[in-house]
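Visitor: After the structure tokens below, expect a handful of questions from me.
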């Protein structure tokens, strides 16, 4: 080594190394000849020298890895403590708590009292008032909302788990913030605490700070996130601080979504570890990258971590050190200051909603879940089939700890998992293992997991119904179940323990869409009835097994063969998924139906699938085909082969058996009969979704494509896909007059229909097929598309014909094209000038040329055998005919470059059914023109049809012949105009230039064609028609006359032309144009116009309207009275119409009863212009002039609404609305005055506001005003007797309305002379709106206070509370005793001098009382018995026996103790009985009065007098009424005697029997009631009456009797029926 170094010159002076220190480092770096062996030996030597040091380094390294992994441990309940701030997501909102999902699969709960202080205060107030009208938590906190939470407590539940209690109250979340820490740009969480006029007060939890959100700043949020609704107290907001004032005491906020989403926490906002908040978005740098997560640095000096679950899934594995990322704070620990972040993009937009897992996936078992990563201390991350990532904790990776094997969960391995509420749990089988929790009458509760419980219904505890399930199952027992139904949203899990279902290997039927015909599966019988069995499957899917499918042999009583809960094997026959209907069968061996049924369901109209078919057989109406996919027979009608009627026949003619037709749509399936359709229009409508699937989707105005189902004399029925149909009435079939419906449409034709109206009750649809309603925006484009489709189908026919090559004629027919030139030989010349030709290329075909097409000198005299050259015009493949032309201009066509959409003159050469062939005048080229522009354009008059030789104007759509041999074009509409005649032109020259061209001012002569009320039609020539308006007949029209009535049809008239316009006779492009002239008999109309044309466009109409001024008088002519709209339609000029509203027709109310009779069509009226609408052609007119609706005006109005206890809403002229209160409905107040008015009634009004008082509406009438109007409190005087209505009853008394603006109060002690302890008594007898008379006690004008009294001593009226209530009086005992002595003395005097008093009674003294009583009798409606019709009297009324009455005894004390009012009433009744002896109601009122006072003996005497005074026909009714009163107030025994005596004389009076039974039920014993029932059911009455009493008897026993008594009644009824039946048979 030394020699080597000496021989190597290094230059310079070599330093000698110090002793004991070798320059090892420099030698290692500079010695280029050092070997690895020596280095390795040195390393091994060093390792051997320091073994302990190496072990120590390994241990330290392992410890560092463990510490690093521990730093990234997931959040657990154990790591949480009070005060931890977390970002949560609302998972569920219940009535009194929020369920919040926390990071790493944790769950917390927010109580309703931890929302915010204002919300809690509002809740407390409403609970105290017992009025819970609080904003529910579910409305304020939708699932997916991100909220900032603070942990308030950690509690253990009963099962030992930790429950996390949270708070979103800002004072808990933002408690680390103070007023000085607030900065502009901060993102805070706040809750609405108050709603103000200009904005909202937000609670941000900072003491001493008021945060305000202006309403203007909240508009964007309200529209985008709150559906436009106002913010509510307790609503959570993410607020951005916009401005801070007064050192943080006032803060202005913003909640704009874009501003909040862009908010970033920065250093300038003064954030510290003490006040950091979850949900803040920061910009951070990656410090360290580990397999367990990232370490980030943010805000210059702070550090946080990101665990593996919160990395961005798209960037996992791509993070590097010092990389800048955007992160959101997830949690902040208050003591350790540990900050956790998430890098997922969904958290970077505060205020947004996180997408929730679909509820139908909860509980779903997912196969083939791939492991993306496994973490020993945490769990595993899986990827589902759709790419969704899911996490499963360690405890969810196996059933027990001992069975867990980490090596099973290698990256890339696949497992079967079940989704359980945002966490994925790996399972080893598809069934649920649970633990029995409880046995209840309705079933058994099973614990599936810690958070999931299920129910096993009693029917599913076993294959057999268990009567004592507790003997089979015990608490805590492990059971294996299968899921029947899972509704996560309803927290509903239904399981089954039936062994047959658990062990079934058959397919599971869990939805109606999965039900396919022929599928065999297991189900459970839930119902067995005479119609069959209902079988239930998984997920509440049900089906019906009809009676004929229960077995191979008929089963008469299915309920005896099958039982509920029985597991059966069924076969699906039919399914309708949208209607949720299943048809099943127990016959598993009947397989012959399955192929057919299977096809039917693939071809259901619900799916409308496209299939290919093979022709089996041809029929007259169509083709019998077989669907190739399932070999199912079906029917394809001939009219459904194409949209074109000619092509339908053509395709049917050339199609043969075994031909294949592609793209055929299954249209319907009715009774196993499948109908197909090949119409391109229908197929396109279905594919584009322009169809309706149910009646509920149909809306008026829709345009739907369908086909004619049936044609009736009254209209056409149109059917659409999915089986819906409607009727197009005859009037709505065409714009033309329809004489015969069959002339316009054919069955099966494609049409476009517009829905005009629907009847949801009867499920009917009315349609319109008019072209004016169903036409498209571009008719030319539609025409050319129909023509192109027609030629494409003809091309398809030729391809089919080529397959029939065995016939020579068919081959020749296929080879011929439009415009092809042929060398022919004349075969025959007919008498009409046409010729037949023959030739080798047309063998077997009929070739003809009309006389028009034999043009030219050489072909004028054709002879058989002569050769000729011809051009093909049309080939009719259906009849094997060829139409040719020999015209020179067609054979010698010119070559000229044509442009698309250019217009050319053309001559029609041939007219077919779907199109016409024309030749261009310039070049002679053939062009095809569609005859129809729309599916509905099928009918034309002879004058409208194209004729051979006619010259028309066409617009080219193609410039090259293409495959068809002709150009495609559409007909341009012809134009006819009225133009002014030039001075240099003579009249003859004008006629040459424009046919029928007339100038304004010319005179024309014609015949009156028709006379209408407002105009006359004059026929001048074929295409020239004139119209004379009623205003153009006379110079001065007398008002009330009918100007058009002066002329008669057929009369010759001469008139001046004052205008004109073009009128199409049909909306198609090919339709003719007629000129309609405006004529006049009045020469003054032409003044100032000269020879100019009248502009009939909208501008002229608008100018015409502006010529009328408000207040101007015009002469108009009645068109009609519109009953629905309620106005009179008139015409002022031919172009200007007017409307006269209902209320402006007259000032006489009689006119409004039948306005259509007062105003006849055509009558001339003088009207005043009240307004106009420049956008329309209508003037607003009036027949009553113009007047202002001011106070004091009398006018007419229409009642729009009647509100009880309030008044009326009246519609006034000129669009005004008025209110009439109760006090302004009549001259005098009355009970319920609003009942005398009805909606729509015409009333005369006086404008105060609105008053209907007759003395005002009719000032000339001398009607007496009984109740003077009270306008203010000064009109009320103390001591005044006044009437009014009860307004309301409150704790301070009864409030009494004296007018619409004046209200007085009646204290309770001034209402009645009785002591009333309950306010409900006043509310019962003093309802709102009751009319009463009160005395004014005091008036305080300064305080607007009026005190009133209803006491009888003040008003002189009877008490408002009846004495029968037995209420105590307000008087003292001394007063009462003194009053009794006075009454006894007065009673003795009255008894001794009764006759004298009766004769000398002074009527004048009781005149006021008598008048009041008469009024009461007038309005009183005495109760009457309802006697059934058809009743016959068996005996005379004279047979009536009234039970003997006991002799009169002395009056009892109760009769003697009368008060003065009772004495006065007694005297009044005696007087009334003398004056109104024949009035039954007076006797009954007197009897009621006596019985209520306990004078039963006097009542008995009164009955005797009543029977003597009343007519005989009233006796039975009066005795029945007296008996009822006796039951209620008197002696029940005497009442029974009265009824018994009456019924003994009139046993067939069923009405008396019924009343007697009612009284006994209320006041008698059960024995008495049954005795009467037994008597009445054994009477000989009509069966209808007997049925009534038997039913009453049975209802009574059901309510009060026993099972034996009920059975006895049934037996009696059965016996009665059998006796009647035997009598009929004999």
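Each residue, glycine too, has its Cβ placed from N, Cα and C.
Below, the features straight out of TrEMBL:
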- 33-52: compositional bias 'Basic and acidic residues' (COMPBIAS)
- 1372-1383: compositional bias 'Basic and acidic residues' (COMPBIAS)
- 83-169: domain 'S1 motif' (DOMAIN)
- 185-256: domain 'S1 motif' (DOMAIN)
- 279-344: domain 'S1 motif' (DOMAIN)
- 429-498: domain 'S1 motif' (DOMAIN)
- 518-587: domain 'S1 motif' (DOMAIN)
- 701-770: domain 'S1 motif' (DOMAIN)
- 1001-1080: domain 'S1 motif' (DOMAIN)
- 1111-1184: domain 'S1 motif' (DOMAIN)
- 1192-1247: domain 'S1 motif' (DOMAIN)
- 1279-1351: domain 'S1 motif' (DOMAIN)
- 1-62: region 'Disordered' (REGION)
- 1372-1397: region 'Disordered' (REGION)
Visitor: Need one number: mean pLDDT over the domain 'S1 motif' (185-256).
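Guide: On average, pLDDT over the domain 'S1 motif' (185-256) sits at 88.
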Visitor: Go through 83-169, 185-256, 1111-1184, 1192-1247, 1279-1351 and flag the stretch with the largest number of C-beta pairs under 8 Å relative to the domain 'S1 motif' (279-344).
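Guide: It is 83-169, which has the most Cβ pairs under 8 Å.
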Visitor: Could you give me the DSSP helix, strand and coil counts for the domain 'S1 motif' (1111-1184)?
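Guide: The counts are 11 helix, 34 strand, 29 coil.
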Visitor: Any chance you could find the range in 83-169, 185-256, 701-770, 1192-1247 with the most Cβ pairs under 8 Å to the domain 'S1 motif' (1279-1351)?
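Guide: Answer is 1192-1247, with the largest number of Cβ pairs below 8 Å.
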Visitor: Could you break down the residues of the domain 'S1 motif' (1192-1247) into DSSP helix, strand and coil, giving a count for each?
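Guide: Split by secondary structure, the domain 'S1 motif' (1192-1247) comes out as 10 helix, 27 strand, 19 coil.
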Visitor: According to DSSP, how is the domain 'S1 motif' (185-256) divided among helix, strand and coil residues?
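Guide: Tallying H, G and I as helix, E and B as strand, the rest coil: 13 helix, 34 strand, 25 coil.
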Visitor: Write out how many residues of the domain 'S1 motif' (518-587) are helix, how many strand and how many coil, based on DSSP.
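Guide: When I sort the residues of the domain 'S1 motif' (518-587) into the three classes, I find 10 helix, 35 strand, 25 coil.
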